[in-house]
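*Asks:* Quick one: the structure is below, and I'll ask about it shortly.
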There are 2 protein chains.
Amino acid sequence: MIETLDARRTSEQARDLGIYDEDGFVESAFLSRIEDLVEAENAPTLKSLVEPLHESELGDILETLDNEPRQGLVRLLGEDFDYSALTEVDEAIRLSIVGAMPNPQIAAALGELDSDDAVYILEDIEEDDRKEILAALPFRERMRLRRSLDYPEESAGRRMQTEFVAVPPYWSVGQTIDYMREDEDLPTSFAQIFVVDPMFKLIGAVELDRILRAKRLEKIDEIMHDTRHAIPAEMDQEEAAQIIEQYDLLSAAVVDRDERLVGVLTIDDVIDIVQAEAEEDIKRLGGVGDEEISDTVLTAVRSRFTWLLVNLATAILASLVIGLFDATIQHMVALAVLMPIVASMGGNAGTQTMTVAVRALASRDIDLRNAGRIIRRESLIGLVNGVLFAVIIGLVAAVWFQDAGLGQVIAIAMIVNMIAAALAGILIPLVLDNLGADPALASGTFVTTVTDVVGFFAFLGLAAWWFNL
Amino acid sequence: MIETLDARRTSEQARDLGIYDEDGFVESAFLSRIEDLVEAENAPTLKSLVEPLHESELGDILETLDNEPRQGLVRLLGEDFDYSALTEVDEAIRLSIVGAMPNPQIAAALGELDSDDAVYILEDIEEDDRKEILAALPFRERMRLRRSLDYPEESAGRRMQTEFVAVPPYWSVGQTIDYMREDEDLPTSFAQIFVVDPMFKLIGAVELDRILRAKRLEKIDEIMHDTRHAIPAEMDQEEAAQIIEQYDLLSAAVVDRDERLVGVLTIDDVIDIVQAEAEEDIKRLGGVGDEEISDTVLTAVRSRFTWLLVNLATAILASLVIGLFDATIQHMVALAVLMPIVASMGGNAGTQTMTVAVRALASRDIDLRNAGRIIRRESLIGLVNGVLFAVIIGLVAAVWFQDAGLGQVIAIAMIVNMIAAALAGILIPLVLDNLGADPALASGTFVTTVTDVVGFFAFLGLAAWWFNL
């Protein structure tokens, strides 16, 4: 929902109220005050303290509080609790708050919210409860929410707002302005109005500043423009966000299969989607899936376990490679001392290339067909850095173990592994992407498997051959 | 700049023109066609092909083309080249295009752009050239751009648009609408108007939909609201973006030190900032700094070299730890075979915790003071996964080397290292953040240093003691 600025709800007041410290964290003094008031069951003072807050401020407070005072706060606020704050908190917290409420109370609260916020809260609630809540809503609300919920998860239809202004093309600018002045059932705030035919088929749109600059007698169809960026309700939210972002739109019409206008996707939803997708990439690259900081220990253990298990398998694979050369190591323990260096440098270089590749894929700067240039570039970077670090580590090893041959062996192994790292770092994400897998999710494991195996094999194998062990 | 939808410039047409394939990449057939036309110096056909494109579409094409046809395309388009496309490409590409142009041509082009786009292009140009370009601009334009450029890099003042609508508080709604109908010098598109006193001090704002719903005789100061979210021009762009995002604003006033209105920051700029900051985090976590895929090999080698050098130092540190136990390894080569497993599992578990911590810091969900809960949570996750993997790897090692003692040693080392990984993964980002360093940039190295050193030391030290070697 696009929000009109409201004098009562401002960050400066929030600062006056002492909610945030200078680093932007929720002030601990403010939190203690809330905790004390909840403890004392002092509902009136709590209400006066929380009432001027913006939904996002209340959301921050809910996230920072421990579970008990959080539930107490919601309970004491009762009808004065601003349910849109639920759209600002992690899923686990949202579900624990909603789970503690009777369904009729949730229904009454959802009726007050914009449709996109209501859907956001409803979609995580379990089937049975959801049905009961929907049944308790007025007919029109129920139909609106059901329609949104019928669209697939993470689709534009789920994120759209179903409140919008639509007028026929033959209206004049004056008529349109008068309609907006008189109609009570308008969205809280909007940046453009839509033009539809009698069947509600979308035929155009007009930005508000265009209407303000037009003469009262001009017809809407003279000042409207085509809406070719209209978004099918089934479209994935990420794709929809990319369109709005690429064309710098303030909002876009969402249409059903018959091209009828069913909702509007606004740019502030796009920011949330962009944030969520970037967050997803970072977490997947770090091997923590979709984990949130408020997830329970059990959930986190489970989601991380899978990733660590895959890593264990690849680590054992690397150990098998080392095991091939146990006799060599026994003759020359220096190899055991130095071998992690080759593997570690390869792992890091491979991660660098992979990070660049994953980002380039996400922003569609490369794909398999035009990848030649990037592959050459990364190989060259790998070669140059490989040679530089070969010289450094070669000298270090030769001096450390007083053995020029060992220096030469590790130098060559370093070059080999740095080139392998570059190739693995670019090719693995490209192939995964081409197979339809998310390159952010799985590339890391495969890349470090390659650099470990190649690193150990090149270094130990070369040493075995060189020293005839 | 917020852009009004324009029938001529649409993604559907882009698809009709064959610019993008179904995966959203620039279609290679379209690229070849452009390359052929550039080769043939066929300016008129090129112009008709490129003219209907949106600036972001032209930007995508510029990024995908090789340097020679890219320069040729810009040269052949001449005055018809849409300079706002330069705001859509990587810095290296922007500089190479601008670098090939005479300064007067750049000046003429910048005069056509919105001030925020012009500043975006100007700020990367070298001092001398920039002065020459500014000198060639009309007085008013020059003053506007100079003022923006006087603000620090990455500040709100640099990103703001200096075109906006401002009216006095005593005007009526009707007067305001008439002014907007008649004045020619308005921004391309806008979502709110600002209210200022005779000294241009900001006193309020009104959204366009509020104006449209008001009666013509109402006074502006009756329908305006306070603008407490006004952004100081010196504020860091990231902080400004967070305010706009938190309060779901469509745009925010930018004010100078005397609280005079100097510009407006729009939500589409916020999306770009949000994207850029997420990108920065991902790249820093991956150890590639601010590298872009279009950077030269030399630039990339240099920026990655530093990171790899730090990694080399930590890898040598880990080798020194192994070196302490060379006699132990000589007696029992199985230790050399198994030791990378302990280190690798710790490294991965530490990276998981660190990823969660870095994201929680970025979204201000934790800081040093309220970190107790998170530290307990991560330690517990580390302990549980540590025990699970201790059992697995203990059994594997015992069976593999037919040595129950070895299985017990590696199991205990695994638990120790997983707990160390959890603590390092959470504490290192917290401390770095508290010292004012970017936790995304440096945490990775420190965390893997800890897990390597602890992993090798725990495993080899325990083995030396256990087997009395």
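Keep in mind that glycine also has a Cβ here, set from the backbone N, Cα and C atoms.
Grabbed the feature section from TrEMBL, which reads as follows:
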| type | residues | note |
| --- | --- | --- |
| DOMAIN | B:160-222 | domain 'CBS' |
| DOMAIN | B:224-280 | domain 'CBS' |
| TRANSMEM | B:305-325 | transmembrane segment |
| TRANSMEM | B:331-358 | transmembrane segment |
| TRANSMEM | B:379-401 | transmembrane segment |
| TRANSMEM | B:407-432 | transmembrane segment |
| TRANSMEM | B:444-467 | transmembrane segment |
*Asks:* Please report, as numbers and ranges, the same-chain residues at least 6 past the borders of the transmembrane segment (B:305-325) whose CB is under 8 Å from any CB of it.
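*Replies:* Result: 287-289, 335, 339, 343, 445, 448-449, 452-453, 456-457, 460-461, 463-464.
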*Asks:* Any contact between the transmembrane segment (B:444-467) and the transmembrane segment (B:379-401), i.e. 3 or more CB pairs below 8 Å with pairs at least 6 residues apart?
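*Replies:* These two stretches do not touch.
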*Asks:* Average the pLDDT scores across the domain 'CBS' (B:224-280) and report the rounded value.
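*Replies:* Mean per-residue confidence for the domain 'CBS' (B:224-280): 87 out of 100.
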*Asks:* Please list, for the domain 'CBS' (B:224-280), how many residues fall into helix, strand and coil according to DSSP.
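*Replies:* For that range the per-state counts are 24 helix, 16 strand, 17 coil.
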